[in-house]
Amino acid sequence: MKKHNYSAGPSILPQEVFEKASKAILNFNDSGLSILEISHRSKDFVAVMDEARSLALELLGLEGKGYQALFLQGGASTAFLMAPYNLMKENGKAAYLDSGTWATAAIKEAKNFGETVVVATSKEENYNHIPKGYEIPADADYFHCTSNNTIFGTQMHDFPTTNIPVVCDMSSDIFSRNLDFSKFDLIYAGAQKNMGPAGTTLVVVKEEILEKNGRTIPSMLDYAKHIKAESMYNTPPVFAVYVSLLTLQWIKNNGGVAAIEKLNDAKAALLYAEIDRNPLFKGAAAAEDRSKMNVTFLLNNPDHAATFDALWKEANISGLPGHRSVGGYRASIYNAMPIESVQVLVDVMKALEAKV
Ligand code: PMP
């Protein structure tokens, strides 16, 4: 029986995507060939890449606005260093918001390229909120932030206004909510949360910000080179791109990002309402910064853990334990998680209350 999968990533994808992807492994487009054995330069695969790139822009409302979408490799962790490589000038400066472990990892990479100003951090409070009220230096080459902090369960609900390019790691909330994406100049997201399997990173970049920093960039790390090669500078991760395309089509067929956002709002409201109502639990993140993707919560009395763990396992739930740096529980309720599964978790929380 299919489990209710709360894993933070790699994570749940729509069941229909799993089914279509399985078919393509055996017989892709009725070609008599597996998607795994055809050339990435074949007509059938080039069509996959082209559609995935244009659909990503369409779903973000960025078509015809000077943006390019790429499907690259190396995970978001490689994007951490590609951002400064492509955008920070020699002897330049970058501004970073430190809102969690992944932001810290991005800052570490930027420091290899030049002055890296941390405009604010919530590290002292174990990243339980999004820092606010900071100033972004106007002379920095770009500002970098993380829209959703997968580990701590916080999410940026407002973004600062600035005249410098804005770079955002949207790995764990891409395609989950409508934003004015044209306020961002570079967006990147590892596929393995809301979009597809591990193995590809979506990059959405405003072309005009590239090729301006005067650095010689190794080819594989050069966004402009990938754009010129139409995201096929080398052999792309064909299967990861194909599965991502299936997920993007699923989003479009279900009404696009705005419709998915409504469902995500309802799922998050249902779960946070129970966390706030049930005297046995408390939320881990500051209420105003709560993530609608990764819901982190704790038991008020750790002695209840064994009983709670047995209950959710019995209910066919998987992937609920929190990250070691927060403890407790983390329910990742990405796009593909049905509200019925969230209700199962809420029922288990109520069952614990009735039992102890
Ligand atoms: N940024 C965020 C917000 C993440 O959640 C993760 C992975 N959990 C990463 C970056 C790192 O991604 P990758 O493993 O694809 O390098």
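Quick reminder: no glycine exception, Cβ is built from N, Cα and C everywhere.
TrEMBL does not curate its annotations; it predicts them automatically.
Arg41 (L-glutamate binding site): 9 other CB atoms within 10 A of its CB, across all protein chains. The L-glutamate binding site annotation in TrEMBL covers Arg41.
Secondary structure at Thr235 (pyridoxal 5'-phosphate binding site), taken from DSSP and collapsed to helix, strand or coil, is coil. Here TrEMBL flags Ala76, Ser77, Trp102, Thr150, Asp169, Gln192, Asn234, Thr235 as pyridoxal 5'-phosphate binding site.
The domain 'Aminotransferase class V' annotation in TrEMBL covers 5-345.
Secondary structure from DSSP puts Lys193 (N6-(pyridoxal phosphate)lysine) in coil. The annotation N6-(pyridoxal phosphate)lysine is assigned in TrEMBL to Lys193.
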(message) Give me the CA-CA distance between Ser77 (pyridoxal 5'-phosphate binding site) and Lys193 (N6-(pyridoxal phosphate)lysine), in Å, as a whole number.
(response) 14
(request) Return the maximum Cα to Cα distance in Å (whole number) over the record's pyridoxal 5'-phosphate-binding residues: Ala76, Ser77, Trp102, Thr150, Asp169, Gln192, Asn234, Thr235. (result) 30
(request) Report the same-chain neighbours of Lys193 (N6-(pyridoxal phosphate)lysine): residues 6+ apart in sequence with Cβ closer than 8 Å to its Cβ, ordered by sequence. (result) Ala8, Gly9, Pro10, Ser11, Thr150, Ser171, Ser172, Asp173, Ile174, Met293, Ser332, Tyr334
(message) If you count other CB atoms within 10 A of each CB, which of Thr150, Asn234 wins among these binding-site residues?
(response) Thr150
(message) Can you give me the same-chain residues 6 or more apart in sequence from Ala76 (pyridoxal 5'-phosphate binding site) with a CB-CB distance under 8 Å?
(response) Trp102, Asp169, Ser171, Tyr188, Ala189, Gly190, Thr201
(request) Filter the binding-site residues Arg41, Ser77, Asn234, Thr235 down to those with CB closer than 6 A to an atom of ligand 1; keep them in sequence order. (result) Ser77
